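Q: Got a structure for you, questions after.
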Amino acid sequence: MVSVTRTVFGELPSGGGAVEKFQLRSDQLNVDIISWGCTITALQVKDRQGKASDVVLGFAELEGYLQKQPYFGAVVGRVANRIAKGRFTVDGKEYHLPINREPNSLHGGFRGFDKVLWTPQVLSNGVQFSRVSPDGEEGYPGELKVWVTYTLDGGELVVNYRAQASQTTPVNLTNHSYFNLAGQGSPDIYDHEVTIAADAYLPVDETLIPTGVIAPVEGTAFDLRKPVELGKHLQSYHIHGFDHNFCLKESKEKKFCARVHHAASGRILEVYTTQPGVQFYTGNFLDGTLKGKSGEVYPKHSGFCLETQNWPDAVNQPQFPPILLRPGEEYNHTTWFKFSVA
């Protein structure tokens, strides 16, 4: 059984409207999602002793989400991840996007899908959010109708993304939740054991744009096909963290993507997706300056993201999976976050 409760989370400044919170509850999970950016603000999971902790980074009040912050829990779009120099060409026409992360465009621009109010509809086992992104929003061509649906099934949170375009446009939607399976506010994720089912990854340049090479993980720090303890792994390869796309099998079917196990609590997160990639990000840009829930600060490496996605800069790299959505087609992808204990 899933229950859905609807309350007001806060009011946007200058009469911008009410932001609502939807609490989805099952016997195993409690998930809070707000209509601002379709943002997951809390996710309570039990450990092996039956004690629940909130395992996502974020804020207790709306004000936290309205300040400059690193996309905690939000849906990002129209195109998640980076587009090189904020430029791309569709049908012979060049489009220029705002450069919001020098020298590139990141996560849809200055006012991406994470910074808008969505229209909610309560379902029996979840909530669906919708919006229309107007033609030219943040420089993108065509009007885009978008639906993001969160449903709960026992220990599994399912996120479905659908979109329809009036004109050919790139589309790439993901959720940017930061997880810490020890509980948000724990200082780091070094004791998390990570597995990612990818035989290849995308090397990047100094601005985090893929070089175009699809590199085998074999014999590199990116070989996460067998479980590695994150802290020891980063140390042994002398790397400062991950912020890379891992290449999954390019089928539209549901496939296993990643597994993260926190031995001390027993919590396990498994991710399945229909997407061709996942950005594994270890919170390298977190710096402890933001005050989160219950006054916690979030230093570097205090959370990780598994952003299921198309590959970064795919609109400029024809050898990457296709990212263009044409009129009459439907963008439709699903990601499953499955929680359990061992």
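Backbone N, Cα and C atoms are what each Cβ position is placed from, and that goes for glycine too.
Keep in mind the model is a prediction, meaning the values are calculated, not measured.
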Q: May I ask you to find which of His107, His333 Swiss-Prot records for the beta-D-galactose site already listed with Asn81, Arg82, His176, Ser177, Tyr178, Asp243, Gln279, Glu307?
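A: Looking through His107, His333, the residue Swiss-Prot assigns to the beta-D-galactose site is His107.
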Q: Tell me which residue from Ser14, Ser166, Ser251 Swiss-Prot records as phosphoserine.
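A: Comparing Ser14, Ser166, Ser251 with the record, Swiss-Prot tags Ser14 as phosphoserine.
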Q: Can you tell which of Ser26, Ser53, Ser124 Swiss-Prot marks as phosphoserine?
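A: Of Ser26, Ser53, Ser124, Swiss-Prot lists Ser124 as: phosphoserine.
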Q: Validating a neighbour-count step here. Other CB atoms within 10 A of the CB of Asp243 (beta-D-galactose binding site): how many?
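A: Looking across every protein chain shown, the total is 15.
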Q: Sorry to bug you, but what's the C-alpha spacing from His176 (active site, proton donor) to Glu307 (active site, proton acceptor), rounded to the closest Å?
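A: Just about 6 Å between their Cα atoms.
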Q: Output, ordered by sequence, the same-chain residues six or more apart from Ser124 (phosphoserine) with a CB under 8 Å from its CB, or 'none'.
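A: For Ser124 (phosphoserine), the qualifying residues are Val2, Val4.
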Q: If you draw a 10 Å sphere on the Cβ of His107 (beta-D-galactose binding site), how many other Cβ atoms land inside?
A: 27
